[in-house]
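Following: one structure in structure tokens, then a few remarks.
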Amino acid sequence: MNQGYFLAIAGNIGVGKTELTNRLSAELGWLAYYEPVIENPYLDPFYRDMTRWSFHLQIYFLSERFKAQVEIGKSPLSFIQDRTIYEDAEIFARTLHEQGSMTDVDYQNYVSLFECMVSFLRKPDLILYLKASPATLMERIARRGRASESAIGIDYIARLNRAYDEWMRRARHDGEVLEIDTENVPLQGETPAFTQLVLDLKRRFPRQAELRLETD
């Protein structure tokens, strides 16, 4: 079976992944898989008590993203995924364990399950890594006004940022990564940077016009 392309958009909370996923999906005509935030029953309790709910939350995200990536691997169409399964393990579960919000036993069980799952999954053809400073991310989180995120502190965001930078150093050895500093390269609106990104993706994925989702 011929497969389409698989583009993943990675980055910290509030960096602009979902908006970029929306716009690139429309520009390229590819299907979009979004992070299951609204449906997640553990998100609100987690931000109130990370230690109690961290394992439950991460298992939920792991399960949902595994199902999405299995579907991507089976389809001949092209996809854009808002946050990857790798971020669940490399960024969020790892950070929660390091800061003492996930026990050693829970973390070891989580990593074992993750390693088993990813052995069955197709890797992205390209990861777009969006980044911004902790202060900018906090401003964006406040601006979008999600009640569940009101308890997020800048220390947690800074920890996640450091984990992302460490993961990116490793990820570059495993596949294609394009890093975009969203503070210096504005992608919101019809900016030259967004137009150039679309052109770059079309050059990188020359068959993209043949792999569009048919909507007519």
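Quick reminder: no glycine exception, Cβ is built from N, Cα and C everywhere.
TrEMBL entries are annotated by machine, without manual review.
What you are looking at is a predicted structure, and each value in this text was computed from that prediction instead of being measured.
Marked as active site, proton acceptor by TrEMBL: Asp82. Annotation note: Asp82 (active site, proton acceptor) sits in a strand segment as assigned by DSSP. For Asp82 (active site, proton acceptor), the same-chain residues lying six or more positions away in sequence with a CB closer than 8 A to its CB are Ile9, Lys17, Thr18, Thr21, Ala32, Tyr33, Tyr34, Glu35.
Packing around Arg83 (substrate binding site) is summarised by its Cβ count: 25 other Cβ atoms lie within 10 angstroms of its Cβ, all protein chains included. Residues annotated as substrate binding site in TrEMBL: Glu35, Tyr47, Gln58, Arg83, Asp88, Glu149.
Feature annotation from TrEMBL assigns ATP binding site to Arg140, Ile141, Ala142, Arg143, Arg144. Within the same chain, residues at least 6 positions away in sequence whose Cβ sits under 8 Å from that of Arg144 (ATP binding site) are Gly14. When secondary structure is read from DSSP and collapsed to three states, Arg144 (ATP binding site) falls in the helix class.
Per TrEMBL, the feature domain 'Deoxynucleoside kinase' maps to 7-190.
In this entry, substrate is bound by Glu35, Tyr47, Gln58, Arg83, Asp88, Glu149, whose most widely separated C-alpha atoms sit 19 angstrom apart. The Cβ of Asp88 (substrate binding site) lies under 8 Å from the Cβ of Gln58, Phe61, Leu62, Arg65, Phe114, each of these being in the same chain and 6 or more residues away along the sequence. Under the DSSP three-state reduction, Gln58 (substrate binding site) is assigned to helix. Ile141 (ATP binding site) sits 14 Å from Tyr47 (substrate binding site), taking the C-alpha atoms as the reference points. Put simply, of the binding-site residues Tyr47, Arg83, Glu149, the one whose Cα is nearest the Cα of Arg143 (ATP binding site) is Glu149.
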